[in-house]
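*Asks:* Straight from TrEMBL, here's the annotation block:
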type: BINDING; residues: Cys29, Cys209, His234, Glu238; note: Zn(2+) binding site
type: BINDING; residues: Lys270; note: ATP binding site
type: DOMAIN; residues: 359-426; note: domain 'Cysteinyl-tRNA synthetase class Ia DALR'
type: MOTIF; residues: 31-41; note: motif ''HIGH' region'
type: MOTIF; residues: 267-271; note: motif ''KMSKS' region'
Amino acid sequence: MGLVVYNTMSRRKEPFQPRDEGKVSMYVCGPTVYNYIHIGNARAYLVFDIVRRYLAFKGYEVEYVQNFTDIDDKIINRADQEGKTPAEVASLYEEAFLEDMESLNIRPPTIMPRATETIPDMIEIIEGLVSKGYAYASEGDVYFSVAKFKDYGKLSGRSPDELNEVGRVEASGLKRNPMDFALWKASKPGEPSWDSPWGPGRPAWHIECSAMSLKYLGMGFDIHGGGQDLIFPHHENEIAQSEVFTGERPFVRYWMHNGFVNIMEEKMSKSLGNIILIRDIITRYPPDVVRMLVLQTHYRTSIDFGPDALDESQRAYERIENCVFGLEGLLANITSKVAPVRTEREIALIDFFFDAERRFEEAMDDDFNTARAIGVIFELVKELNTFVDEQQILQSPGGPIVANQGMDLLLKLCRILGLLEPAAAECEETAAEWEEDHIPSPDVLIDLLLEVRTLARSKGEWQTADLIRSRLHDLGVRIDDLREGVRWKFT
């Protein structure tokens, strides 16, 4: 079937077809750097780290842009409270954000532009919108005229009445229409400002992401991600200003939005005082436990967060960790050469490995369904633990080969999701050394895989059989199914 992605714009799953073959362009709204990030913020960055990792696993070259909003009312207010300049506040919390991302094992984006470094690009876009009649100046501010963009509301699905209600709440005497939104804000005394055709001022929030995404990814890039709270008005406004400025559409091919994090079934918010910072969580729990919590829920579904949820995720994570390190310890104590796999139990288990790998990819191909993918990993852990409990690993001559292959697969699937790093790298190195010292010749292993393939075909498991053929082909092995049996040779 291939990868399908739920597109917020169409409200359905769509086959993933990137703009450029073999490449994915991806933009995720970054932090406004005025405070430490909380678990709600972190969920988005974990989700899109996992999306990025899986796309890379699928063979795509991923260009991932994530911005810093380093000038904003919140930053200015924080600077006033702390007796610092806005630039000092932004620098402090930008560094803290990067520390938190590293602690969560989130890979750095390809490009991390700052809003203040892209202001000339923002001014160019605003000038273009004014010249086209879609924006107007008002006492040093500049506003986008929403009524002129007929597709406004297409992302959020809001009706004109709903949009008008929002406009009434946000009404300003400087606007021609309550629904209009700011592109540029006139400077106030003591605030940072930049020269512009409308006088000194600074960019409004929405124009920043349009300018940075267009600068680094161009129009019609593949994935724009963020939390569901950004659908309206932020992403709705990005679409309007970007499509008008360029005269092209769509601005983005696939819109992806992750669900909220709730605390005791209430949405996390500063007004409720239930914010939980990432740096506080990881003083009590390993960072991978936070990742596990995110993985166990589909990214579009809300997470109910709290100590019980973290404790449950820690137990789940430790099941995987204990399985990996238990297998590593058992294999390290095997010093003699091992025999080829031959028992029905061993062949059936290797067949299960291929089936598990296939189902893992099917889950991730279905709109990055990590909850199902983690379920497959737990099935794999259960089978490996049972194999060890039966003492097959020591009593059967081929047991160590099966255990080693199972551990390899478990580590591979975990690494795709960003789990068990860097411990996984150490285990993989140990496994590679063990294989070199103990595994029989390649011919024996190829014959084994063909036996597993024959078993899969006899059971009608055609996808597993095709997967084995594909893996052997990747290793330079050609398979011929003849009347007298299966033949193979190196190509």
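The count begins at 1 with the first shown residue.
Any Cβ shown, glycine's included, is placed from N, Cα and C.
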*Asks:* Work out, from DSSP, the number of helix, strand and coil residues along the domain 'Cysteinyl-tRNA synthetase class Ia DALR' (359-426).
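*Replies:* The composition, in the requested order, is 54 helix, 1 strand, 13 coil.
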*Asks:* Across all the protein chains here, work out how many other Cβ atoms are within 10 Å of the Cβ of Cys209 (Zn(2+) binding site).
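*Replies:* I count 27 other Cβ atoms within 10 Å of it.
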*Asks:* Which one, from the binding-site residues Cys29, His234, Glu238, Lys270, has the smallest tally of other C-beta atoms lying within 10 Å of its C-beta?
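*Replies:* Ranked by other Cβ atoms within 10 Å, the binding-site residues Cys29, His234, Glu238, Lys270 bottom out at Lys270.
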*Asks:* Can you tell me how far the Cα of His234 (Zn(2+) binding site) sits from the Cα of Lys270 (ATP binding site), in Å?
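*Replies:* So the Cα of Lys270 (ATP binding site) lies 19 Å away from that of His234 (Zn(2+) binding site).
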